[in-house]
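For reference, the structure discussed in these notes is given below.
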Amino acid sequence: MDFAKLLVASPEVNPNNRKALTIPVLNPFNTYGRVFFFSWFGFMLAFLSWYAFPPLLTVTIRDDLDMSQTQIANSNIIALLATLLVRLICGPLCDRFGPRLVFIGLLLVGSIPTAMAGLVTSPQGLIALRFFIGILGGTFVPCQVWCTGFFDKSIVGTANSLAAGLGNAGGGITYFVMPAIFDSLIRDQGLPAHKAWRVAYIVPFILIVAAALGMLFTCDDTPTGKWSERHIWMKEDTQTASKGNIVDLSSGAQSSRPSGPPSIIAYAIPDVEKKGTETPLEPQSQAIGQFDAFRANAVASPSRKEAFNVIFSLATMAVAVPYACSFGSELAINSILGDYYDKNFPYMGQTQTGKWAAMFGFLNIVCRPAGGFLADFLYRKTNTPWAKKLLLSFLGVVMGAFMIAMGFSDPKSEATMFGLTAGLAFFLESCNGAIFSLVPHVHPYANGIVSGMVGGFGNLGGIIFAIIFRYSHHDYARGIWILGVISMAVFISVSWVRPVPKSQMRE
């Protein structure tokens, strides 16, 4: 099918798990397209609000509240700390209640402190407010778990990375949106600066609530309906299959069931691909195969012991710790990049350096999906998660090399600085996408816990690296090469860890 048509056509669906095999990016009228849209759009608005303070904090809010540089740094760290805690909690909540309801809950709860920004009158009040607004950063977890539930493993890396990349771009968009709203309120409404910045935060509040209501009334929990009934479909479909009314996996004949997702296509069984012949299966054998395939990917509500084993398994740590380096570096560098540019190129001015710094976040639109796309491409060619693992290791090592080069050279040339930053952005953000392409393979029955753990480690890395920058005394180049050394060492040290535990079901 033509690529342009894939973006708008109803997706083909795997009959074993009802997950889409393509991403209808431009088709919000389709169930899968609508879920994908709200996944990235809701996360983008959350990210926009989460990062809405730095663009106005540099001058306006700082002067109005008489904040010191230390208090500004503390507010940045506190915002990351809140998100770390929320992401760790969100994982089990997604497995228990489903990602859609968790997503909606986080948006609505996080919108309240966003609307209360106008009540802040002191630095301490702003720090406390940013802690609660940090709740919105936790929406990353349900965003990824929701996408994983609707898109097949052959395409889930692209879906997850594209949703996250578009969402992360909110961190760059806010550098343009919030100053534009602020300037408009002063110019067109005649508000003084100390009132205009407070009123400006009503806009993200309205957008966040609208997105949450859209999810609530127009989207489904899973491809088969309610989250609480996700296992019922598996049992009913298996019973139906045992009677012969199933999708014929070898011939592509469609089920006689009157309802179901559109465009369901058949999956070729491995023997067909290897031998070039089709081997009909007995209905009972097909039923068992479908049951095993669905059960292996169905998210359960793990017991406390099972959750503990998942969290501290080597396979989980092998994706969580690298994400602490890649996404943690992104968060930390985002917070200092404008100041770093201003330090090395003072003649550019605050506005111009801020716009160039925003481009680091904007590149997520292309770079993060690129990592997921490459990982999916290699997986389809090799049919082994090791392909994704090797790609991840390569991206992580090169990412570290770029940070080391940038830190030791401390460029004074605009071309060199922006070139190294763009190269770093590609490998760093592609690395983020590749990691969440691999996450669905690790303990798929506890995908929420794994996603929450990995997402939480990303914020933990951001906090640690932000502290490194804070105590580097504005020697940003030194802080960047330290991040590069740490990242390279981590990616090399976990490169040997199996991407999927031996005890896990077939891959």
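For all residues, glycine too, the Cβ spot is worked out from N, Cα and C.
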One side of the membrane in Swiss-Prot: Val8 and Ile333: no
Listed range which Swiss-Prot flags as transmembrane segment, given the options 101-121, 479-499: 101-121
Whole-number mean of pLDDT values that fall within the topological domain 'Extracellular' (122-130): 93
The topological domain 'Cytoplasmic' (439-507) - residue tally per DSSP class, helix then strand then coil: 48 helix, 0 strand, 21 coil
Contact yes or no, the transmembrane segment (35-55) and the transmembrane segment (418-438), 3+ Cβ pairs under 8 Å, gap 6+: no
Per Cβ pairs under 8 Å, the stretch of 101-121, 131-151, 162-182, 199-219, 358-378 packing most closely against the transmembrane segment (72-92): 131-151
Non-local residues, at least 6 beyond the ends, that sit with Cβ under 8 Å of the transmembrane segment (307-327): 92, 392, 396, 399-400, 428, 431-432, 435, 438-439, 442-443, 446, 449-450, 453-462, 464, 483, 486-487, 490-491, 494, 497-501
Within-chain partners of the topological domain 'Extracellular' (122-130) [C-beta distance under 8 Å, separation at least 6 from its ends]: 53, 61, 65-68, 71, 74-76, 78-79, 82, 113, 116
